[in-house]
There are 2 protein chains.
Amino acid sequence: MKNLLYAQSGGVTAVINASAAAVIEAARASGQVGHVLAARHGLVGVLDEALLDTSMLSADDLARLARTPGGAFGSCRFDLPEPEDDAAPYDRLFQVLAAHEVGYLLYNGGNGSMHTVAQIAGEAARRGVPLVTVGVPKTVDNDIEGTDCCPGFGSAGKYVATAMLEAGMDLRAMASRVGRVFVMEVMGRNAGWLAAATALARRGGDDPPHIVLMPEVPIDRARLLAEVERTVARIGYCAIAVSEGISWEGGERVMEQHVDAKGYVQLGGAGQTIARLLSAELGYKHHWAIPDYLQRAAGHLVSATDFEQAHAVGSAAVEYALAGRDAMMPAIRRVSDAPYRWDIVPVPAAEVGNRERLVPAHFIRDDGLHVTPAAIDWLRPLVAGELPVHFDGGVPDWRQFELPRLASRLAG
Amino acid sequence: MKNLLYAQSGGVTAVINASAAAVIEAARASGQVGHVLAARHGLVGVLDEALLDTSMLSADDLARLARTPGGAFGSCRFDLPEPEDDAAPYDRLFQVLAAHEVGYLLYNGGNGSMHTVAQIAGEAARRGVPLVTVGVPKTVDNDIEGTDCCPGFGSAGKYVATAMLEAGMDLRAMASRVGRVFVMEVMGRNAGWLAAATALARRGGDDPPHIVLMPEVPIDRARLLAEVERTVARIGYCAIAVSEGISWEGGERVMEQHVDAKGYVQLGGAGQTIARLLSAELGYKHHWAIPDYLQRAAGHLVSATDFEQAHAVGSAAVEYALAGRDAMMPAIRRVSDAPYRWDIVPVPAAEVGNRERLVPAHFIRDDGLHVTPAAIDWLRPLVAGELPVHFDGGVPDWRQFELPRLASRLAG
């Protein structure tokens with residue numbers, strides 16, 4: 001029996017390890033896989049022959065692994081060249097896989113990783129290498145094409161919506177003779193999905209967030225200022241969610257740029273820039289928050305739906321691999337909105353690789369400053385459901401797993 | 001029977017409403033209080049005669065109120081002048097209280113508010129106004145003297161420790177050929193308690209945070225850089241918690257200062273400044289997070305210990321008021337460390353007002369770059385215990401309470 005190699009790629013999520021655990025469980029249960037190996041730090045680890053043996057993980061360990069945020073085996077940001085430009089990494093890759101008798105490669109990542117899946121599968125086929133390569137989708141950015149949503153997004157969305165809800169209650173409490181604004185910058189360089197998800201904090205018309213700025217819509221500065229002023233005039237404060245990658249009309253990215261005392265060019269982020277602009281132009285007090293890693297690592301606030309989907313794509317990927325469905329990615333298909341139902345369908349990695357799924361126009365309010373009710377309806381089920389969290393000493397009891405590295409079978 | 005007026009002051013917390021609910025419950029249960037009134041936006045609201053009637057809150061509402069983050073009645077930042085400098089605000093204050101038959105004033109705030117309690121009580125006594133004024137301690141900064149810890153701190157500490165734990169797992173996952181640093185800036189202008197609390201994320205020696213920077217210790221730049229380099233050389237990354245108010249040796253605050261294109265002076269925060277410094281000096285990749293309001297509003301991650309203490313000081317304050325213990329503050333006294341036990345004792349507000357309790361030297365490691373095991377032992381029980389959270393539609397179901405404003409009895 002051939003071995004299966006699982007590797008993680010790109011930014012990790014609060015549920016990426018649920019996919020990892022599902023892969024290991026499904027491979028073991030199949031009886032058709034030798035060992036399940038994991039790459040240390042993704043494809044970089046494969047090329048370094050830094051492979052881990054998952055055999056020592058018990059069923060209980062796997063249940064714990066599934067609920068551990070971060071990438072248990074490590075991830076990387078690494079793009080393969082096209083094989084016609086540079087064949088060497090492929091030579092090395094296939095040598096490592098052959099040396100460790102790997103017949104199945106499962107690559108857990110975003111749209112760039114799906115391109116990598118297509119590259120590896122294509123080159124393996126061209127060379128006649130006996131390998132089945134399957135993609136496992138994952139990204140908090142929710143920007144992979146071909147799937148209704150992306151594992152990792154629901155939990156990050158739950159986090160940012162909860163953060164906006166709670167910060168908004170704090171903002172509301174403080175009296176002030178001048179208006180006050182709160183800006184939270186969330187992830188999303190090109191796609192505004194996480195900014196849109198903050199709108200799930202709203203229950204009534206005047207609840208935060210009052211404004212949602214997404215990269216899909218270049219910002220009309222005058223319109224933004226007017227909307228903030230209207231909101232502050234009405235309720236005294238204004239809470240704003242911004243994607244890190246927003247830009248002004250004309251295309252300039254929203255960031256402060258300046259040269260510090262030592263001559264380095266420094267960039268202020270989008271959230272900070274918007275907060276300071278409102279303070280400078282309108283005289284409001286301002287606060288800003290940047291959750292950064294916190295939004296994609298919050299295992300204590302995972303969406304049960306997201307967790308199930310992360311598990312499901314892991315299991316399905318093993319199924320596809322064993323069925324020889326090369327270069328495919330299990331995708332989530334929405335079967336119905338209410339009640340929310342979904343299933344898993346295969347899509348070719350080549351069709352989705354390196355493409356980017358943006359927030360569609362009908363999810364964005366006409367003035368570009370918020371989302372539509374249709375967006376809320378679409379987003380809501382993705383953040384639904386909670387999972388128990390085990391605490392120890394007041395903090396979540398997340399286990400870290402140190403797996404033994406396999407002995408090298410190749411010269412470095 | 002006289003009425004009781006409750007008011008909140010300063011930055012709110014995740015458990016300040018637990019004190020509010022306890023005040024209302026205890027006052028009702030006593031049978032010795034007429035109505036329990038709440039000021040809209042603290043002392044500002046009292047002077048504006050913006051008073052709310054809490055009578056409509058049912059027992060169930062109070063249970064919900066106790067678990068609602070933010071300040072339900074609103075807070076303010078407002079200092080009374082000394083009465084000998086300006087008697088007018090006192091004239092107005094006592095007029096409002098008399099008009100609404102208030103015999104008990106409970107003021108829920110930090111060390112500034114305890115000074116206010118002493119001012120009001122002193123002036124009422126001097127004028128012969130029949131009023132008992134009692135302070136109720138609260139601050140995420142944990143910097144009130146005379147109490148072992150401050151309600152609000154344990155929950156914020158639990159939040160920042162959890163955030164550091166989870167972000168650290170994300171940081172650890174990412175491979176990189178260069179080192180990488182993560183900096184999280186937490187609240188604390190003069191006191192490093194919240195930065196210290198991030199150390200509760202650690203289970204083993206190499207766990208984040210690797211460095212904790214507190215305002216109590218001016219930073220030796222060379223020593224900081226060396227410690228970061230050593231950490232990155234050992235494990236590849238370094239996670240750092242910084243208080244917003246840290247300063248360099250020599251006294252200069254850690255912040256970037258520059259003039260933007262429009263001529264405004266802009267300040268970069270401590271976290272951002274440290275992250276960029278490490279990137280510029282050591283060539284590391286950097287990320288930084290600023291939880292801002294999120295750390296003091298996270299009702300979804302409340303410490304059960306903190307919640308109990310917030311409730312206890314509210315109940316005790318009513319007891320003190322009814323017993324005529326004017327100008328006192330119920331304080332938390334630590335009776336034993338393990339098992340952790342505490343009780344409530346009265347301390348005079350005048351003794352703690354406007355003083356600031358910093359992290360003591362024996363809680364700070366000799367090199368000034370981390371906390372000691374003694375600090376961990378002291379901090380741990382304060383973040384212990386969890387409370388159930390009710391979710392609706394994927395986010396916490398925090399209720400907002402809109403109470404009727406009492407009709408004015410005075411000319412504006």
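Yeah, the Cβs are placed from backbone N, Cα and C, and that goes for glycine too.
With a 10 A radius on its CB, B:D141 (active site, proton acceptor) counts 27 other CB atoms from all the protein chains. As annotated by TrEMBL, active site, proton acceptor applies to B:D141.
The annotation diphosphate binding site is assigned in TrEMBL to B:G11. Here the Cβ of B:G11 (diphosphate binding site) has 23 other Cβ atoms within 10 Å, regardless of which shown protein chain they belong to.
The C-beta environment of B:N111 (Mg(2+) binding site), restricted to residues of the same chain at least 6 apart in sequence and closer than 8 Å, consists of B:T139, B:D143, B:I144, B:E145, B:V352, B:G353, B:N354, B:R355, B:E356, B:R357. According to TrEMBL, the feature Mg(2+) binding site maps to B:N111.
The substrate binding site annotation in TrEMBL covers B:T139, B:V140, B:D141, B:M187, B:G188, B:R189, B:E244, B:Y293, B:L294, B:Q295, B:R296. Note: B:G188 (substrate binding site) has non-local neighbours B:D141, B:L194, B:A195, B:M214, B:P215, B:S243, B:E244, B:G245, i.e. same-chain residues 6+ apart with C-beta under 8 A of its own C-beta. Reduced to three states, the DSSP call for B:G188 (substrate binding site) is coil.
Mean predicted confidence for the domain 'Phosphofructokinase' (B:6-319): the pLDDT average there is 95. Per TrEMBL, domain 'Phosphofructokinase' is recorded for B:6-319.
Around the Cβ of B:K138 (site 'Important for catalytic activity'), the same chain contributes B:Q8, B:G10, B:T13, B:I16, B:S19, B:N108, B:G109, B:G110, B:C150, B:P151, B:G152, B:A310, B:V313, each under 8 angstroms and 6 or more positions distant in sequence. DSSP classifies B:K138 (site 'Important for catalytic activity') as coil under the three-state reduction. If you look up TrEMBL, you'll see B:K138 marked as site 'Important for catalytic activity'.
Taking Cβ-Cβ distances under 8 Å and a sequence separation of 6 or more, the neighbours of B:R296 (substrate binding site) in its chain are B:G11, B:V12, B:T13, B:A14, B:V140, B:G152, B:A156, B:Y159, B:M187. With an 8 Å limit on C-beta distances, the binding-site residues from B:G188, B:E244, B:L294, B:R296 that reach chain A are B:L294, B:R296.
Most Cβ neighbours within 10 Å, among the binding-site residues B:E244, B:L294: B:L294 holds that distinction in the structure as shown. Other Cβ atoms within 10 Å of the Cβ of B:T139 (substrate binding site), summed over all protein chains shown, number 27.
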